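Feature annotations, courtesy of TrEMBL:
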TRANSMEM  41-61  transmembrane segment
DOMAIN    47-530  domain 'K+ potassium transporter integral membrane'
TRANSMEM  81-102  transmembrane segment
TRANSMEM  171-190  transmembrane segment
TRANSMEM  210-229  transmembrane segment
TRANSMEM  241-261  transmembrane segment
TRANSMEM  287-306  transmembrane segment
TRANSMEM  358-378  transmembrane segment
TRANSMEM  410-430  transmembrane segment
TRANSMEM  442-463  transmembrane segment
TRANSMEM  470-490  transmembrane segment
TRANSMEM  496-513  transmembrane segment
DOMAIN    547-757  domain 'K+ potassium transporter C-terminal'
COILED    669-696  coiled coil
Amino acid sequence: MSDDQLKRNIRPILHKPYGSMDLVSVKAPANHGSHSKDSNWWVVLNLAFQSIGIVYADLGTSPLYVYPSIFSNGIKHRDDILGALSLVFYTLTFLPLVKYVFVVLRAKDNGEGGTFALFSLICRYARVSLIPSQQAEDREVSNYKLELPSKRLKLASVLKSSLEKSQFAKIFLLLVTMLGTSMVIGDSIFTPSISVLSAVAGVKEVTSALTDDMIAGISVVILIFLFMIQRFGTHRVSYTFAPVLCVWFVLIGVIGFYNIIKHDTTVLKAINPMYIVEYFIRNKKDAWISLGGVVLCTTGAEALFADLGYFSVRAIQVSMCSMVNPALILAYTGQSSYLRQYPDEVSDAFYKSVPGPLYWPMFIVSILAAAIASQAMISGTFSIVHQSLSLGCFPPVKVVYTSANHEGQVYIPAINYILMLACIGVTAGFKSTVKIGNAYGTAVVFVMTLTSSLLVLVMIMIWKTNIFLIILYILTIGFVELLYLSSVLYKFTSGGYLPLALSAVLMIIMYVWNDVYRRKYHYELDHKISPARLKEISANKNMSRIPGLAMFYSELVHGIPPIFEHYVSNVPALHSIIVFVSMKSLHINKVPPEERHFFRRVEPRELFTFRCVVRYGYKDVREVAFEETLVTKLKEFIQEEILLQNQMLSTIGNNAEKGTESEGEIVERNNDVANAKQLEEEIMQQEIEQVQKEWEEAGIVHMIGESEVIAKKEANIMKRMVIDHAYNFLKRNVRKREKVFDIPHERMLKVGMTYQL
């Protein structure tokens, strides 16, 4: 049988029409020998030490301003101090310790935390994601898999079905996630402002020459220094700051214990929650308003979850239980003991309660601690902005990976400078910790409440938590947070409006970008090139083939994108090898490198064209040698494709032996199969050699769509405002696509396109 006859007989069996053939993943053997970062106690202790310098800086410096915020109008009754201390004690116990350290941290997404991590968990279990580029093959990724609820738990399946059927629920979940992200960014604005301002104000204890303007000016200088050192990376910053914070926690704990012994040991009875009841009976509305000051003792609690990707659950639990929580309890109890003796000094309770010989050492350490108090929220902000970038919910900005050992540690220059300017504006504008505290409390409680809302969905659908435990969580943690939320909203006109206004602006930016991103994808999907048109292009005799590889970039993961049609209609030449590349983000933190590239051959085979979907998690680092990696994976795909074809040929031969054919027919069929295998291996070798040759001799040309996005003529005014004005304004002022992909300018060709959405 001739080679041409063999091809005609075998090819129809081996090759499916384009569009029906599944993507083939190029995989390497999985490495099962790696250990988690919690498996070695030395690693845990090392991470626990680092976490003190990052995660707890904000939470640890809250004693500087909590009592002045609670008693902004002075202490009216001596026992009010016991009521406030009892509130602080149980708030610290229920929210940072019980809720975050022992419950919320369990909702990690393969080691990552934050609002987007919770959203991603929900999206992986229920089809509520609005990101359009979803494929069945994504569920085969190792990190994608979740334990599914049993059929016995009808509540989980009912909730899942309801979410999947409701478009409103999908949009609402996305908006809740965006609001939580915006509020965390708001936290990172108010944290440094109130912490540094509170610490610097302590100098008034030794001199009255400094005015509020001068204190605000000194605070601004410290803030500028803090944001300037962010570029050195979280790893270096945490090692530098950790010793300072360790000294801070030791000092506030020791001073607190000293004040308890010296002034009033009876404050220890504040552990009795009846003092809270009496506090509310005595003060009524004023007690409820003061909750906005009490909640400030939890500032930075969200960082425990948002910064999880930098450390580990065990490390955070160890550092919180062994040092941070005991030191904070002692510090607040010590201040309460001091205020029982000197209630008129509540406006500066922290520094007034410091023993004379320790004043200057404590002042210096407090300045250093306050200067780094914002580090937790700044690091958390970088992390969640990176996540939202990957999921198409934030305009492109430059991301710098600052650690070779910890891929999750990132620095985003644009966000860093925006935060710095916002902090300077808040500090110079308010000049008062009380006003900043009103705004700060609103941001803190909103983030906590939104986290709890998403967590309840995770409890029901994924954890399969007993319904009585869920109700208990809602009635305790949920009730407490809603009570605090009502209190901080009461101070809306006194500064509480600021985080809501900032969050509204950020949400508009995020939603506009995400909305148009989804519309563009559907436009490409509706205008993709049909297989018949592709065959027509390949059969065009006027279309010449030139050396080299051409990569056409598109968001589309199914079919041939319209950018190809625009290119061939203007340039009657095609490169020898064509690869349609789609960069795709999944709702997981990391995609294993061996599962990242998915290839498919595009028919007709003579066109020598491939589809490649490159999948990333929201914490993945883009490869530096992207071209080399893609060419290597392409050659591996060709090899695997031939291996699969040879297996199918072997199956054909085996099935023939079981049939009714004569012995001579079986021998002839086996010879045909053997010849087909040899022919396929020769073709494979030729194709691999051609890929290598074209890459080395002619190189790669990157085809990027230079799109103009406009609203359709019949679009309503709102849609026109979103697309023609808001989106295009953002597009003009963010990073260009080629910079995001890090494409060499000399090997890039832009193809102009117009999207009418």
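Even glycines carry a Cβ here, placed using N, Cα and C.
Using a cut-off of 8 Å between Cβ atoms, the transmembrane segment (442-463) and the transmembrane segment (241-261) share fewer than three residue pairs, counting only pairs 6 or more apart in sequence.
Take the transmembrane segment (171-190) and the stretches 210-229, 287-306, 410-430, 470-490: counting Cβ pairs under 8 Å, 410-430 has the most. Remote same-chain partners of the transmembrane segment (470-490), defined as residues 6 or more beyond its termini with a Cβ less than 8 Å from a stretch Cβ, comprise 91, 94-95, 98-99, 103, 288-292, 294-295, 438, 441-442, 444-446, 448-449, 452, 456, 459-460, 496. Beyond the ends of the transmembrane segment (241-261), by six or more residues, the same chain brings 49-50, 52-54, 56-57, 60-61, 63, 267-268, 323-324, 326-335, 337-338, 353-355, 358, 361-362, 365-366, 368-369, 372, 375 to within a C-beta distance below 8 angstroms of the stretch. Of the two recorded stretches, the transmembrane segment (287-306) does not lie close to the transmembrane segment (410-430), with fewer than three CB pairs under 8 Å once pairs fewer than 6 apart in sequence are set aside.
Stretch with the most C-beta contacts under 8 angstroms to the transmembrane segment (410-430), considering only 41-61, 210-229, 358-378: 210-229. Taking Cβ pairs closer than 8 Å, the transmembrane segment (41-61) reaches residues 96, 191, 195, 198-199, 234-235, 237-246, 248-249, 252, 298-301, 303-304, 307, 310-312, 314-316, 318-320, 322-324, 327-328, 366, 369-370, 372-377, 379 in its own chain, all 6 or more past its ends.
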